[in-house]
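**Q** This is the structure I want to talk about, given as structure tokens.
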Amino acid sequence: MDDKTSKAAAAEKAKALAAALSQIEKQFGKGSIMRYGDNEVEHDIQVVSTGSLGLDIALGVGGLPRGRVIEVYGPESSGKTTLTLQVIAEMQKLGGTCAFVDAEHALDVQYASKLGVNLTDLLISQPDTGEQALEITDALVRSGSVDLIVIDSVAALVPKAEIEGEMGDSLPGLQARLMSQALRKLTATIKRTNCMVIFINQIRMKIGVMFGNPETTTGGNALKFYSSVRLDIRRIGAIKKGDEVVGNETRVKVVKNKVAPPFKQAEFDIMYGSGISREGEIIDLGVQANVVDKSGAWYSYSGNRIGQGKDNVREYLKEHKEMAIEIENKVRENQGIVSRAATFPASEAEDGE
């Protein structure tokens, strides 16, 4: 009898939980709650590669989701702008229209071009005030013809009142209110037009924090709530050739993820002048997935040796792009995420061209 009662009680609890989960999803949207162990993923969303295979895997869906707000934050020179420029390059390859709202007035167009960004088709705005930047963003989203907008950065979205005021004026909470109002307006339109909006953010230190993390991001709390994906990007080391530093070792942590389980991380190399070393990642992840065989210093693929030492294999894959994409798609298949060639429906990619 006790066993039957406990089973009935467990069934009731499970039923009540299912009803609560259904109510939460109805109220707050799909993906607002999920069982971590189920590894449930929204498969009907369109994604765009980040330019990093490891990060695409860590995101759980093969890239950044369209029709969502994304936040990328980290310390100075950690690779925030590089990562977003790589996403722009990937979106342009798929025929998408991209805009860069340069509130910091610091975009290096030569560097963007080296990362594969098509500057001819890129829309660039350098607004004078935070209100102007967010109004431009709103107009672009509402047009329904822009696929990706990057705002660099939240810290540089200075309210008009602050610009027109005196240098020592205290205007607490002005930027936070501006961000909160803008995101309330933007969110529904972003979802409807399937436009991805990436906010780059900076880190500040809270004063007087004795315990816990003293770091916080600028612009108040609104962006934390409205973001579907939040990425914390850090420089963890230098890549050297002899005594010369030629790149950064970078770690990205998925701090928040509404489309797949969060808290995963990826490590990759950002090479100066060329961006994320995709070939280096393909080699490492290919070996992990047993797609590429490693014996001593030699690497082999499909029974054929492709080079001795990682640097030589990296150069080989740069010259043989078809093989690199083939290995990458096998790794993606192994991880159960969308292949790079099939990130968009073909008809949509053609329409955008």
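Each Cβ is built from the backbone N, Cα and C atoms, and glycine gets one as well.
Just lifted these from Swiss-Prot, have a look:
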type    : residues                                               : note
BINDING : Gly74, Pro75, Glu76, Ser77, Ser78, Gly79, Lys80, Thr81 : ATP binding site
**Q** Let me know the DSSP-derived helix, strand or coil state of Lys80 (ATP binding site), please.
**A** helix
**Q** In the same chain, which residues outside the set Gly74, Pro75, Glu76, Ser77, Ser78, Gly79, Lys80, Thr81 have their CB within 8 A of the centroid of the CB atoms that define the ATP site?
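**A** Surrounding the site, in chain order, are Ile233, Arg235.
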**Q** Using DSSP with the three-state reduction, classify Pro75 (ATP binding site) as helix, strand or coil.
**A** coil
**Q** Taking each of the binding-site residues Ser77, Ser78, Thr81 in turn and counting other Cβ atoms within 10 Å of its Cβ, which one has the fewest?
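**A** Across Ser77, Ser78, Thr81, these binding-site residues, the one with fewest Cβ atoms within 10 Å is Ser77.
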**Q** Please report the number of other Cβ atoms within 10 Å of the Cβ of Lys80 (ATP binding site).
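**A** Taking every protein chain into account, the count is 21.
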**Q** Counting every protein chain present, what is the number of Cβ atoms, excluding its own, within 10 Å of the Cβ of Glu76 (ATP binding site)?
**A** 8
**Q** Out of Gly74, Pro75, Gly79, which of these binding-site residues shows the lowest number of other CB atoms within 10 Å of its CB?
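**A** Result for the binding-site residues Gly74, Pro75, Gly79: minimum number of other Cβ atoms within 10 Å at Pro75.
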